[in-house]
């Protein structure tokens, strides 16, 4: 059994943490995002440190600095993916087109906090509206 | 003359929906853009509304090839949050299914690569070998796609002595066609002409894209999670991490080809040394405290990560799934640059993409 190795950091420490990791040639394994029970945005940065996962967590912010200028390809889709499902922004992130969501989806950034029933009803209304046209 | 050539989202050479826009100069690709998300089924959102047992069934349906890897990664995350130690026999059974899954996934890619190259007899030969693996999976689990072998706390079903003997027999039968497939891919001129030096990706590029799995290892990255961060008792088995340096389509094929041999070794060791312990902890409905855990395992196509957050209730707060293709597909434009349009389909396929997995 592995234990999670978590360090909590604040927003101002993200870029320096990423630069340090890159200088030590640590691989960015993945970035994750979720909204906790209290409604805080939580972003987790997972790095490979000699075969062990090291997780840095920053929570409670609406905007986070991008690390795409440091980890480039590794971070690009991770940050874009998080932006689609959570109401957060990465300052300096050059967003491409949509990743996973349909072009005409109007609930971007709200998926994790909107009940599935509400999403279903919205979709139904839209389909009905189009059919009635 | 420059052209913009769209490939997909529905393309005869690629079995799953992805859209690649090629910006070309004559027949050479200058740049490319990859568009994903045509198969999003909202599985992460659905997982937020399911309990732990239902989620195993749900995540097993993220992918039709590496279904066992998905349920395993989820179970490992929950077991770590709940501090449950899986009995050895349960772990060994999980390893056997993982490696059988890797075998059929690698045979699938080799067959598809042969088909795209236009070498259909190699495709048929590879698929007949793959069929033996599918038979083994069907015999052991009762299913050919969703095996349902994982529960929280271990394996759902045991493999008895007769089953293990039968498995070893099938593995033995696999060795002859495997040798022949190595010979075909290793010596054939057509394969070499179509794959050597094509779709190259350097070590530095592979590192900065964070590539994983056979795709990363073909560019020299030492990134096999089974070796660097063992889980499920992988530390008990003697096998090699296959790494190549050229980073071209041929290297990607070769890594998978050699990994088949390593998987055969692992399955043989697991079947011959099966521990005599229970297969699971007998947990019906797990009590999972509030917590979070990031699991990573080596799925056939590379590193699969599950970030699971629980809040003390009977359901998930968040299940964030990232499949190997999430990493590897981003590197496609870099691989396509400077290659011909004719090779684009093969180059995209050489990362062994799974867009169904990716879109979840």
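From the backbone N, Cα and C atoms, a Cβ is placed for every residue, glycine too.
Here TrEMBL flags B:44, B:321 as Mg(2+) binding site. Feature annotation from TrEMBL assigns Ni(2+) binding site to B:63, B:66, B:354. Feature annotation from TrEMBL assigns Fe cation binding site to B:66, B:357. The feature domain 'NADH-quinone oxidoreductase subunit D' is assigned by TrEMBL to B:117-280, B:286-360.
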Binding-site residues clustered about residue B:357 (Fe cation binding site) [Cα within 10 Å; pool: B:44, B:63, B:66, B:321]: B:63, B:66, B:321
Pairwise Cα distance for residue B:321 (Mg(2+) binding site)/residue B:63 (Ni(2+) binding site) [Å, integer]: 12
Three-state secondary structure, which DSSP defines for residue B:321 (Mg(2+) binding site): strand
Under 8 Å by Cβ from residue B:63 (Ni(2+) binding site), same chain, sequence gap 6 or more: B:69, B:70, B:323, B:354, B:356, B:357
Distant-in-sequence Cβ neighbours of residue B:44 (Mg(2+) binding site), under 8 Å, six or more positions away: B:318, B:319, B:320, B:321, B:360
Average pLDDT across the domain 'NADH-quinone oxidoreductase subunit D' (B:117-280), rounded to a whole number: 90
